[in-house]
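Feature annotations, courtesy of Swiss-Prot:
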ACT_SITE  Tyr105  active site, proton donor
ACT_SITE  Lys178  active site, proton acceptor
BINDING   Glu249, Asp250, Asp273  divalent metal cation binding site
BINDING   Ala306, Gly307, Thr308, Ala309, Asn423, Asn468  NAD(+) binding site
Amino acid sequence: MKQFRVTNEGDIQTTLRGLEVLSVPFLNKGVAFTEEERKELGLKGFLPPKVLTIDDQAKRAYEQYSAQPDDLSKNVYLTALHDRNETLFYRLLNDHLGEMLPIVYTPTVGTAIQRYSHEYRKPRGLYLSIDDPDGMKEAFKQYKDQSDTIDLIVATDAEGILGIGDWGVGGIAISIGKLAVYTAAAGIDPSRVLAVVLDAGTNQESLLNDPLYVGNQHSRVRGERYDQFIDDYVALARETFPNALLHWEDFGAKNARSILKRYKDKVCTFNDDIQGTGAVSLAAVLSCAKASKVPLRDHRVVIFGAGTAGIGIAEQLREALVREGLSEEESYKRFWCIDRNGLLTDDMDQLLDFQKPYARSADEVKDYQRNGDGGGIDLLEVVRQAKPTILIGTSTVSGAFTEEIVKEMASHVKRPAILPMSNPTTLSEAKPEDLIEWTEGRALITTGSPFPPVEYNGVTYHIGQANNALVFPGLGLGTIVTKSKLITDGMFEACARAIAGMVNVGVPGAPMLPKVEDLRTVSATVAVEVAKTAMKEGVATEEPEDIIQAVQDAMWYPVYKPIRAI
């Protein structure tokens, strides 16, 4: 499929000529093609005569970006640039990563996904349909004899997009956005990645009734046919790209867990919503434990939102508690998990399999007041009874952490750790400024969405964002460098400890996590620790002597390479 290759010396060779060169985003330099390249590649007359540098182009691109009237327009602009000139896109993103990450990734990508069919301009990645299994085979056949050309595949079925639910084929945009972060943060070569949407239909009524919708316009397929679709995808992906890391993104809760369970011990794969969210949350909790001077093993955790993300966080924290010396039984008893029906208890009907280990004994909570909707035990009552030291929100219920709940928690904890993790900002369980005021500046806060610093009593509180981008780029890079056969639980803990080790929580108002602007440094640090752990745990198939150098050598940078005609 590819009509170009990158040589060992770093330059690019291509068989394409003229307008064909300009149509390939990885090759296109626009007016930065040199005179020699213009002549050799047949570009004379197809470009204005002046040759500019990538610095000039980046300056102009930022002016154009800044002129866009709103965040969605900025996303559309960056998408168009990505589809036109990939190197310039990443140069711009690297120059303004903190500013642009919320545009190419959460939260703005959610709006872009909702508008996908109406803003559609150009395909990118693979669109694999459950209604066309032969078409899926044909798509992978296009990569015949190119088994070493792809290091990373991000796939979604788009049933559980961010906090907005089922958005069908438009979910390809989350795969694309995720890969953009991999490249911007960790230098994963953009020519060696692949975005995939697994279109099994949609249950979103607005899409089913939209004549412009470009995906399968029928209800979501479930059961054996869906499972076979996933199995066929994995088999084809592994057969075609045997060394590729398979990243699962934004599947529905039930499928996300079953797919991960089916494959985690067989292929190099992970689910970012479950394991990535868990790892970045563990990093925040490790920082909170250090700041509060209370050992991790002595904390009590309430999780409000017992879905894929919430239980994923619980699992990462619980495994860390076991490694700190608690028994399996003791570790489960450190968690109180709440869903829409209230505190999970073992007498509840319709508990999901992954929720059952975290359900409290009905006898244990018999004296709790059942004042929630439907007779359940609500968050306030759980906080009163459990006296948590850590409160985590993954519910997408805006304002769920009320003043009464927060003050109740703060009345029995010197430094309450409060993590409203839901995205986007409008769905956050609480605002940092309120949490700081209600706790008189004592709260240790980490949020899922970006929030500005808060001034209180002469102290500036910087709010750490528990963005999965702190985890998955470095995890991917470390995995690729070592060509790991699997991704282990130990590799995720290595991510968390590396991230937590990069902040100085002793400074008043310090964030519990590194800044998003420092993602490049964070990702390199995480990659080194992941690689070390992969080698230690015996899943690495390549073991570089100098891991730091190997990680640096593997990182792609957005600079124009010489292009030669062949």
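Heads up, the Cβ atoms here are built off N, Cα and C, so glycines get one too.
In the three-state DSSP scheme, Ala306 (NAD(+) binding site) is classed as coil. Taken over all pairs of the listed NAD(+)-binding residues (Ala306, Gly307, Thr308, Ala309, Asn423, Asn468), the Cα spread reaches a maximum of 18 Å, rounded to the nearest whole number.
Taking CA atoms as the reference points, Thr308 (NAD(+) binding site) and Asp273 (divalent metal cation binding site) are 7 Å apart. Annotated divalent metal cation site Glu249, Asp250, Asp273; additional same-chain residues within 8 Å of its Cβ mean position, judged by their own Cβ, are Thr156, Gly160, Ile161, Ile174, Trp248, Phe251, Ala256, Asn271, Asp272. For the pair formed by Tyr105 (active site, proton donor) and Gly307 (NAD(+) binding site), distance between Cα atoms is given as 22 Å, rounded to the nearest Å. Using a 10 Å Cα-Cα cut-off from Ala309 (NAD(+) binding site), the recorded positions that qualify among Lys178, Glu249, Asp273 are Asp273.
When the recorded positions Lys178, Glu249, Asp273 are compared by Cα distance to Ala306 (NAD(+) binding site), the shortest distance belongs to Asp273.
Here Glu249 (divalent metal cation binding site) is compared against the recorded positions Lys178, Gly307, Asn423, Asn468, and the shortest C-alpha distance is to Lys178. In the structure as shown, the Cβ atom of Ala306 (NAD(+) binding site) sits within 10 Å of 27 other Cβ atoms.
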